[in-house]
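Colleague: Pulled from TrEMBL, these are the listed features:
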DOMAIN    801-862  domain 'CBS'
TRANSMEM  74-99  transmembrane segment
TRANSMEM  119-143  transmembrane segment
TRANSMEM  234-257  transmembrane segment
TRANSMEM  321-345  transmembrane segment
TRANSMEM  365-389  transmembrane segment
TRANSMEM  457-476  transmembrane segment
TRANSMEM  513-539  transmembrane segment
């Protein structure tokens with residue numbers, strides 16, 4: 001359907017509006033119902049702005065200082081790891097506490113009521129617990145809406161270089177951690193792993209700042225790491241620590257940051273991220289082992305999610321974890337997992353769109369009611385299914401061989417203790433209740449390690465119910481992860497396959513646990529479509545390196561199968577938000593476009609020396625976040641230098657800043673004067689060229705020129721008027737640098753300016769710490785009190801602008817532009833032509849897939 005959709009996009013009643021207008025209006029294509037990227041997301045600026053204040057810091061940096069700076073970074077990274085581990089500990093401890101409390105009360109009531117026939121009472125008790133917990137989780141999300149969902153899409157955006165408002169605030173992490181604790185304890189089909197990644201990222205963003213908006217009192221004078229670049233590095237370390245704490249997979253965490261991060265990957269950062277992940281894993285491990293087994297200092301429980309040990313019993317010599325024959329089955333399971341994942345994503349996307357249209361516009365209470373409805377349904381389904389649909393199976397005690405190792409015994413005891421005998425006679429257990437009436441982690445352990453069988457009917461029903469309910473749950477307004485439900489769903493599917501193979505095809509040698517694991521991998525891979533990191537996470541969680549190949553093959557097959565139909569669930573949710581995410585690379589056909597086709601030529605610019613009133617009016621009337629600093633290109637500039645101080649300041653700056661080959665040679669030969677070589681001396685002799693004679697132009701020409709004085713924006717009353725020609729409006733502008741809105745606002749806020757009668761050297765100077773003091777939230781121009789500033793004063797922006805941003809020439813191919821933009825993590829990319837004039841600017845929005853597609857269609861039409 002999509003192919004046809006693309007073709008018919010160009011025709012129809014939408015001819016009246018150009019693609020740009022549609023993008024700005026944020027409208028959707030009716031045919032495809034695609035949501036276009038919105039314009040109000042900003043990029044993070046990974047590029048360093050090397051202006052005068054920054055250079056001052058560099059001047060003062062010596063070896064000692066830079067070593068101290070590195071040391072501080074390592075300490076912070078360690079602290080981020082430890083804090084993330086502690087957040088994980090907090091969540092885990094309380095989930096365990098609440099779940100145990102809930103199940104104890106309900107279980108005793110069920111056992112009493114089975115005889116007396118008051119099961120409705122036990123159901124009410126269970127409902128009471130679950131609804132209370134879910135209600136609390138929903139309330140927390142109302143306080144901070146960003147805390148809903150798993151948080152991986154948001155972190156993905158942040159690592160890709162997009163600011164999602166409020167995503168790394170302290171309030172978010174408090175609501176997220178506490179909320180996920182309640183939503184897991186409330187029996188919803190959600191995991192606590194996704195939110196761990198988000199929590200880690202928030203810790204990473206907040207800790208090195210030593211300040212928080214929610215806690216205004218806490219203000220340390222710590223001016224370092226106040227830039228998007230450092231913040232993003234710390235966020236990637238925190239996200240990795242989150243993965244590491246959730247799955248006990250430090251390497252998997254590092255690879256997760258690498259896979260989702262967008263900028264180039266430097267070695268030092270990788271090393272710090274791995275260190276951070278290790279710190280998180282071992283902090284969590286240390287405390288959990290101590291609290292649960294009382295053996296402090298023995299590291300027994302690596303992550304929140306532990307798959308236990310896969311091991312054949314000693315007595316059974318024929319048993320192998322997997323054989324080459326099984327690989328064929330694994331590939332088939334990968335295909336099925338991809339199809340199931342694509343179905344899951346498709347249903348969830350429909351649901352999310354329905355929610356955006358019908359639930360979100362309504363008052364906030366409706367969202368809480370929806371969460372309660374989901375909770376109610378889930379609880380009733382779980383209870384009724386355990387009561388009616390379960391089968392009573394014989395306990396299998398004989399087959400637990402090889403209990404010689406400690407961990408295996410622990411796991412076996414854990415598996416046996418979580419068997420539920422609801423509604424069943426002695427010596428039998430209820431297989432459905434065993435899956436439903438346990439925390440999700442122990443249900444996964446059951447499917448991986450329980451030798452006792454689950455009947456195929458039970459497994460199919462369980463899979464179906466779980467699939468539908470977890471699909472409905474993901475996206476309601478509670479903090480919710482997706483990893484564990486997907487793993488549990490997939491494990492049931494894998495166990496089902498193993499059962500069928502054993503009973504119907506007669507393959508006795510297969511190890512059911514392996515099939516459950518591969519099923520889990522296939523389904524999870526089909527839903528989230530992560531490759532590198534997911535493989536390593538699953539290998540690290542199983543502690544079994546021999547599973548490397550099957551897991552990798554399954555995940556690859558699942559990803560390819562799923563990608564044939566739709567995107568991964570996180571990408572779908574990113575797109576629904578309209579976040580302009582940049583993919584890994586552009587399509588081949590995009591190279592028909594050049595930088596000049598996709599840039600924005602209508603620039604708002606400032607001059608090196610500009611009056612305060614012009615600056616204020618520019619800032620107030622535009623929403624751009626960066627302005628090129630330019631001077632004008634005129635033949636008769638000399639005429640204007642006589643009369644006006646301001647114009648002559650600008651022209652002098654231009655003269656001094658334009659580097660000519662002759663000037664450069666002169667400078668070098670000056671320093672070579674000491675050399676005796678004769679040729680060099682000859683070169684030095686002719687260096688003083690005569691002053692070029694002033695251009696003699698006829699008077700009429702000068703009169704005409706006078707009508708349009710240069711630098712019209714310096715006088716607001718003469719700003720672009722209606723009768724200007726296109727040439728006047730888009731006059732040639734020599735490019736000198738970029739200045740950010742935040743920098744201009746800071747300069748105005750602190751009154752950095754000089755009066756026309758003084759020289760520009762008298763302007764007060766700001767240090768780097770003063771410039772970045774308000775990071776990350778700079779004041780808004782509309783909130784500034786500018787009454788004390790004289791609007792005729794002049795601001796010299798040249799010390800604060802970025803004099804050397806990355807630039808591209810107008811005929812650069814789009815793939816080169818894209819690679820530069822994405823790899824260097826840029827925010828603005830000026831397009832500068834062959835003679836040094838700025839002709840346009842490229843931002844993230846000009847590189848989104850949708851924008852490029854629209855441009856390509858236009859390109860074909862013009863051909």
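Note: Cβ is positioned from N, Cα and C throughout, glycine not excepted.
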Colleague: Under 8 Å for C-beta pairs, could you tell me which stretch among 119-143, 234-257, 321-345, 457-476 has the largest tally with the transmembrane segment (365-389)?
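Modeller: Top-ranked stretch among 119-143, 234-257, 321-345, 457-476: 119-143.
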Colleague: Of the stretches 119-143, 321-345, 457-476, 513-539, which racks up the most C-beta pairs under 8 Å with the transmembrane segment (234-257)?
Modeller: 513-539
Colleague: Would you mind splitting the domain 'CBS' (801-862) into helix, strand and coil residue counts from DSSP?
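Modeller: Going through the domain 'CBS' (801-862) residue by residue, I get 28 helix, 15 strand, 19 coil.
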Colleague: When each of 119-143, 321-345, 457-476 is checked against the transmembrane segment (513-539) for Cβ pairs under 8 Å, which one has the most?
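Modeller: Maximum Cβ contact count belongs to 321-345.
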